[in-house]
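A short write-up of the structure that comes next.
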Amino acid sequence: MTESAARRAGERAAQAAERAEELAARQVELSAGRPITRKDVDMAAERARQALEHAESAHRAAADRHEAAARAHERAAAAYDKAAAYDEASGRGKGSASGKGSASGKGSVSGTGTGSGKGTGSGTGGESGTTRASATDRADRSRRDADFHRAAAAHDRAAAREQRIEAAREFGDDPTE
């Protein structure tokens with residue numbers, strides 16, 4: 001889940017709470033000039049309760065998406081680590097740029113070909129370290145992204161908990177899960 005998608009999910013939850021307040025205010029406006037009945041109060045309370053439930057649900061869904069994104073980033077980090085390890089092992093043994101091209105420079109070098117069918121391998125293994133560093137950097141970035149998503153999931157879970165507690169305070173529901 002991208003940061004903007006997470007932000008939108010949080011905004012939707014906040015909007016749900018705002019809608020509840022707007023509905024209650026609208027109900028008051030509609031009943032202006034006539035006595036407010038118990039039915040009016042009950043309807044406004046039910047709308048507010050539903051809006052709080054919707055906000056809690058939106059926060060939980062956002063947290064679930066963040067957790068799924070964190071798992072995906074961890075899988076990507078593991079794949080990048082594996083690629084770096086493979087590159088290190090094969091780059092030393094073959095002496096080509098990425099461990100796949102031929103040392104004579106005729107083979108296509110993985111991901112670095114010039115489009116002419118001739119690779120840039122020189123037999124020195126000079127680019128292997130760059131590829132390994134790049135894969136390692138990508139793995140680190142994936143881990144940082146996973147950490148971000150875990151933190152965002154925790155934030156969304158806390159917001160859902162706050163919504164549940166607010167609903168319990170307002171409507172007397174049990175705040176335990």
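Quick reminder: no glycine exception, Cβ is built from N, Cα and C everywhere.
The compositional bias 'Basic and acidic residues' annotation in TrEMBL covers 1-11, 37-76, 135-177. According to TrEMBL, the region 'Disordered' annotation covers 1-20, 29-177. Sequence annotations record features per position, and here TrEMBL assigns compositional bias 'Low complexity' to 77-88. What TrEMBL records for 92-128 is compositional bias 'Gly residues'.
Sorting the region 'Disordered' (1-20) by DSSP state (H, G, I as helix; E, B as strand; all else coil) yields 18 helix, 0 strand, 2 coil. With helix defined as DSSP H, G or I and strand as E or B, the compositional bias 'Basic and acidic residues' (135-177) counts 37 helix, 0 strand, 6 coil.
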